[in-house]
Amino acid sequence: MTVDKGHTNTGFVGDEGINGKKLSQAKTIDPNMYTLEIQEKKPGLETDYDPYQHRHVEHPTTSNETLIHLLKGSLGTGILAMPNAFHHAGWTVGVIGTVLIGLLCTYCIHLLVKVEYELCKRKRVPSLNYPAVAQAAILEGPNALKPLSKIIIHIVNVFLLIYQLGTCCVYVVFVSSNIKAIADYYTETDTDVRLFMLIILLPLILINWVRNLKFLAPFSTIANFITLVSFGIILYYIFREPISFEARDKVGTMSGFALFFGTVLFALEAIGVILPLENEMKKPKKFGGNFGVLNKAMILIVTLYVGMGFFGYLNYGSAIKGSITLNLPEGEILAQCVKGMLAFAIYITHGLACYVAIDITWNDYLRKSLGESPRSTFYEYITRTVLVLITFLLAVAIPNLELFISLFGALCLSALGIAFPALIQTCTYWHQRQGMAKVWMVAKNSFIGIIAVFGLLIGTSTSLIEIIHTFGHDD
């Protein structure tokens, strides 16, 4: 049984913290399942157990530190794609849509955090990660769904894996496109972006061979500083020229809104880091609540995204590209520096994002299949290399930033960020709520689920159609 290391490993986080030590009171009930039964359950016993009092984290984070981590997890390539998203939806629909999607995402994250706490009380464990929350909830739900408990954890992991690999694909395209923009200007040529992908392939493989994230921490700090400075320079270019509403659409097309939906979800959701961040807080009660860390972070994030999308679109109009960095003046050194700095920052971030995919693939599946092999380290490096090659080959096949972002946002985050939290809450309280309270819960979560399914199907299909149309037309 693998103890959660604060990323996406399946299972419970035990009283010993996050150092990979065994749980003090746990006993495995089924080697083929990921849940642990902690003590014999007695009626009403869970009311005496407060998970927050039993979390022993080696380096707990303060509320402000958690706020900063949450902001960092949500501010990346997504915010740079927001002007393009507003171009698809129109600036009026863009503003209203971003706020509404932000509210929906925030509400669903609250559902997930509250349900985790409730399930921790019932199971008498300090904390759970996302896949374990999903499995524990299914086991508490209707009898008809309980057979899904053995596969739900793998379903969640697959969505997490696809999302993380998709994010890495976006990073490959982003880094290559910005390097290409710089190189094309100074060489006065139009080089295929795929060549730059090939150039950065070896550096991407090498950075993902780093097995301990602490060695990337100094570079991550530099990348965060570079990103902050770059955003400031981008805002300078946005507001340098007078803002005009001329030839700027208020409302876009339906297909454009589908692309907008996927892009905003990709940009807003940092669902993979929510529970790890909450689990490692010194005072986790301050994460939720009306004035908690989550609401403060989401208000700031939505405000920044609306601002970047709205003013970026008004500035560049229909000429806006998949990343606003590609619209910056080519002949100005400062603009070229922004492209280069963000390319470096996102290159570092690729190592962090791919770490989660490696963690799921290797620790949760391959290492268990291989057992205690003497060549385990060698196989791990092979796994890391193969995952990087997968992201590289997908990026080479579809070197389009905006379509990649919309595709993976609609495909993965409609499920992880909206549908699964609604399903998890319904199952968790299925036997606890009665009468109108239960009817309201089921109706409300069914409505949320319908939104998620429509977003997933329409957003994914629209993105795929656009990809086929774009590259079919190019051919």
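In case you wondered, yes, glycine gets a Cβ from its N, Cα and C as well.
TrEMBL annotations:
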- 61-461: domain 'Amino acid transporter transmembrane' (DOMAIN)
- 89-113: transmembrane segment (TRANSMEM)
- 151-173: transmembrane segment (TRANSMEM)
- 193-210: transmembrane segment (TRANSMEM)
- 222-239: transmembrane segment (TRANSMEM)
- 251-275: transmembrane segment (TRANSMEM)
- 287-313: transmembrane segment (TRANSMEM)
- 333-358: transmembrane segment (TRANSMEM)
- 378-398: transmembrane segment (TRANSMEM)
- 404-424: transmembrane segment (TRANSMEM)
- 445-468: transmembrane segment (TRANSMEM)
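Against the transmembrane segment (333-358), stretch 151-173 shows more Cβ pairs under 8 Å than any other of 89-113, 151-173, 251-275, 287-313.
For the transmembrane segment (89-113), the neighbouring stretch richest in Cβ pairs under 8 Å, chosen from 251-275, 287-313, 378-398, 404-424, 445-468, is 251-275. With a threshold of 8 Å between CB atoms, the same-chain residues lying at least 6 positions outside the transmembrane segment (287-313) that come near it are 63, 66-67, 70-71, 74-75, 78-80, 82-87, 91, 94-95, 98-99, 102, 105-106, 109-110, 113-114, 238-239, 243, 248, 264, 267-268, 274, 277-278, 281, 320, 324. Highest Cβ contact count with the transmembrane segment (251-275) among the listed stretches 151-173, 193-210, 222-239, 404-424, 445-468 falls to 404-424 (criterion: pairs under 8 Å).
The largest share of C-beta pairs under 8 angstroms with the transmembrane segment (151-173) comes from 378-398, of the ranges 193-210, 222-239, 378-398, 445-468. Across 222-239, 378-398, 404-424, 445-468, stretch 378-398 shows the highest tally of CB pairs under 8 A with the transmembrane segment (193-210).
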